[in-house]
Amino acid sequence: MKGIFITFEGPDGCGKSTISNLVYENLKDKYEIVKTREPGGTEISEKIRDLILDVNNSSMTDRTEALLYAASRAQHVEEKIIPAINSGKVVICERFVLSSIAYQGYGRGLGEKDIRMINDFATSGLKPDITFLFDMKGNSSVERKIELGGDRLEISGSEFHKRVNKAYEDLSKKDDYYIIDATKSIDEVLESCLNILKAKLGGIK
Ligand code: TMP
């Protein structure tokens, strides 16, 4: 039986990591779960992550950045995600193609169309079965992350992050995703995600 592919998406500091870790803890005794993240998730993809996020790479062009995210994803999909899905596992992934649409498409201004095109190639068209889109209702907390040091993307400036937030706002109007109010308490956000998952995971033993 085929597994299921679940992604968590949203702006920096929206609580995706906390909640996806708690979801994993809640489901791990019942399901075989592969918990992973982007950019990263395999040895090669993590090396690409280091390259992208290194603040010393300040001269990296926007197109290079977009292609590196897609390259990291291509390796991750083929080496880890597809084999896990094909062996019936539940794959929980922090960030996927929507992050590239938000950060590179809107944030860097490369446009949604081209970003979708390079990512279709990178993923061979793989789509998540469930996407949780964490809605911060405009309350970005990237500033806190910057205070803690900030990677190359986090320190890209407030206008960049405004465009990223706008992307998530636009994406949340589509019907394809489960919109989660991330301004609620951790317990409430976790409960919303688990309720949706329990209904969907019924078919997986
Ligand atoms: P993380 O903080 O969620 O680990 O992600 C690292 C940064 O990479 C974060 O600022 C979002 C950014 N990012 C993109 O710009 N495009 C992408 O496709 C992905 C997956 C992440």
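Any Cβ shown, glycine's included, is placed from N, Cα and C.
Keep in mind that what you see is a predicted model, and the values were worked out from it rather than measured.
Residues or ranges marked as ATP binding site in TrEMBL: Gly10, Pro11, Asp12, Gly13, Cys14, Gly15, Lys16, Ser17. The domain 'Thymidylate kinase-like' feature in TrEMBL is assigned to 8-191.
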Going through the binding-site residues Asp12, Gly15, Lys16 in sequence order, which have a CB under 6 Å from an atom of ligand 1?
-> Asp12
Note: among binding-site residues Gly10, Pro11, Gly15, least Cβ-dense neighbourhood at 10 Å is Gly15
Give the sequence-ordered list of residues that share a chain with Cys14 (ATP binding site), lie 6 or more positions from it, and have CB atoms under 8 Å from its CB.
-> Phe134, Met136, Ser141, Ala182
For Lys16 (ATP binding site), just give me the three-state DSSP call.
-> helix
Across the domain 'Thymidylate kinase-like' (8-191), what is the average pLDDT of the model, as a whole number?
-> 95
Near ATP: residues not in Gly10, Pro11, Asp12, Gly13, Cys14, Gly15, Lys16, Ser17 with Cβ within 8 Å of the site Cβ centroid are Phe134, Met136, Ser141, Ala182
Around Ser17 (ATP binding site), how many other C-beta atoms are within 10 angstroms of its C-beta?
-> 13
Please work out the number of neighbouring Cβ atoms within 10 Å of the Cβ of Lys16 (ATP binding site), leaving out its own Cβ.
-> 23
